[in-house]
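Colleague: This structure is in C-alpha cells; I'll ask about it shortly.
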Amino acid sequence: MSERPRLTVLSGPSGVGKSTVVAHMRKEHPEVWLSVSATTRRPRPGEKHGVHYFFVSDEEMDKLIANGELLEWAEFAGNRYGTPRAAVLDRLEAGEPVLLEIDLQGARQVRESMADAQLVFLAPPSWEELVRRLTGRGTEPPEVIERRLDAARIELAAEPEFDVTLVNTSVEDVARELLALMDVL
Ligand code: ADP
Ligand code: 5GP
C-alpha cells in the first residue's frame with residue numbers, strides 16, 4: 001500500500017540541473033504535476049508564460065503576496081519568485097503527486113507550513129562542474145552568474161537540512177530516483 005502522495009520539493013544551486021531533470025522526468029511521466037511559479041524575472045529565450053513561469057510585474061507580485069496567494073515566496077539573485085498556493089492544494093487534494101522546484105528559502109518555508117513535505121536536494125558532482133554548467137548554459141551575463149554562484153555557496157551549505165540528497169551526475173539516473181521518491185515508479 002503506498003501512502004497518499006506527498007508534496008515533494010526539489011531544491012539545489014542554480015545551474016545544477018533542476019530544470020533539466022524535471023523536464024526529462026515529465027516527458028516520460030506527465031502525470032507528475034509541477035507547480036508553475038510566479039516570477040518578476042524576465043523570460044529567457046524560449047520560456048513561455050504559464051508554462052515555465054507566470055512572468056509578472058513588481059506590482060503584480062506585491063499583490064500576490066499581500067493577498068496571501070503564495071504558499072511561499074523568496075527573493076533570489078535580484079528577482080522575486082513564489083508558488084501559487086491554490087493550485088498546489090487542489091492537486092494534493094486530488095491525490096496527485098506534486099513537485100515544487102524552488103530555492104532554499106522557499107524550501108524552508110514549505111517545511112514550516114507543510115510538515116510532511118519531502119525535501120530533496122540536487123547536488124552537483126563538484127563545485128567546478130557547477131560553475132561549468134552555470135556558465136555553459138549561456139543564459140546569464142557574468143555579473144548575474146557571480147550572484148548566482150554566491151547564492152550557490154549558501155545553498156550547498158544547507159544540504160543537511162534536506163531529507164534526501166541526489167547527485168546530478170546522470171540526468172536519467174536522478175530523474176528515476178526522484179520518481180521513486182515520489183512513489184510514481
Ligand atoms: P537549474 O534549473 O538547476 O538552474 P539547468 O537545468 O538549467 O539548471 O541546467 C544547467 C546546465 O547544466 C544546462 O546547460 C544543462 O544542460 C546542464 N546539465 C544539467 N544536468 C546535467 C548533467 N547531469 N550533466 C551535464 N550537464 C547537465
Ligand atoms: P531561475 O531564474 O534560474 O529560473 O530560478 C532561480 C531560482 O529560483 C532557482 O533556484 C529556482 O528553483 C528558484 N525558484 C523558482 N521558482 C520559485 C518559487 O516559486 N519560489 C522560490 N522560493 N524559488 C523559486
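Backbone N, Cα and C define each Cβ position, glycine as well.
What TrEMBL records for this protein is below:
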DOMAIN    5-183  domain 'Guanylate kinase-like'
BINDING   GLY12, PRO13, SER14, GLY15, VAL16, GLY17, LYS18, SER19  ATP binding site
Colleague: Around GLY17 (ATP binding site), which residues of its chain at least 6 apart sit with Cβ under 8 Å of its Cβ?
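Modeller: Same-chain residues close to GLY17 (ATP binding site) (Cβ under 8 Å, separated by 6 or more) are LEU122, PRO124, ARG133, ASN168, VAL171, VAL174.
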Colleague: Around the recorded ATP site, report the further residues of that chain (criterion: Cβ within 8 Å of the mean position of the Cβ atoms of GLY12, PRO13, SER14, GLY15, VAL16, GLY17, LYS18, SER19; site residues excluded), sequence-ordered.
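Modeller: Apart from GLY12, PRO13, SER14, GLY15, VAL16, GLY17, LYS18, SER19, the close residues are LEU122, PRO124, LEU130, ARG133, LEU134, ASN168.
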Colleague: Excluding near sequence neighbours, so keeping only residues 6 or more apart in the same chain, what lies with its CB under 8 A of GLY15 (ATP binding site)?
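Modeller: Correct list: PRO124, LEU130, VAL131, ARG133, LEU134, THR135, ARG137, ARG148, ALA152.
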Colleague: Could you pull the average pLDDT for the domain 'Guanylate kinase-like' (5-183)?
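Modeller: Value for the domain 'Guanylate kinase-like' (5-183), mean pLDDT as a whole number: 95.
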Colleague: Only counting partners 6 or more residues apart, tell me which same-chain residues put their Cβ under 8 Å from the Cβ of GLY12 (ATP binding site).
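Modeller: Sequence-distant Cβ neighbours: LYS18, PHE121, LEU122, ALA123, PRO124, GLU155, ASN168.
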Colleague: For LYS18 (ATP binding site), list the number of other Cβ atoms lying within 10 Å of its Cβ atom.
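Modeller: Within a 10 Å radius of the Cβ of LYS18 (ATP binding site) lie 20 other Cβ atoms.
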Colleague: Which of SER14, SER19 has the fewest nearby Cβ atoms, counting only those within 10 Å, among these binding-site residues?
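Modeller: The binding-site residues SER14, SER19 were compared, and SER19 has the fewest Cβ atoms within 10 Å.
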Colleague: Could you tell me which of the binding-site residues PRO13, SER14, GLY17, SER19 have their C-beta within a distance under 6 angstroms of some atom of ligand 2?
Modeller: SER14
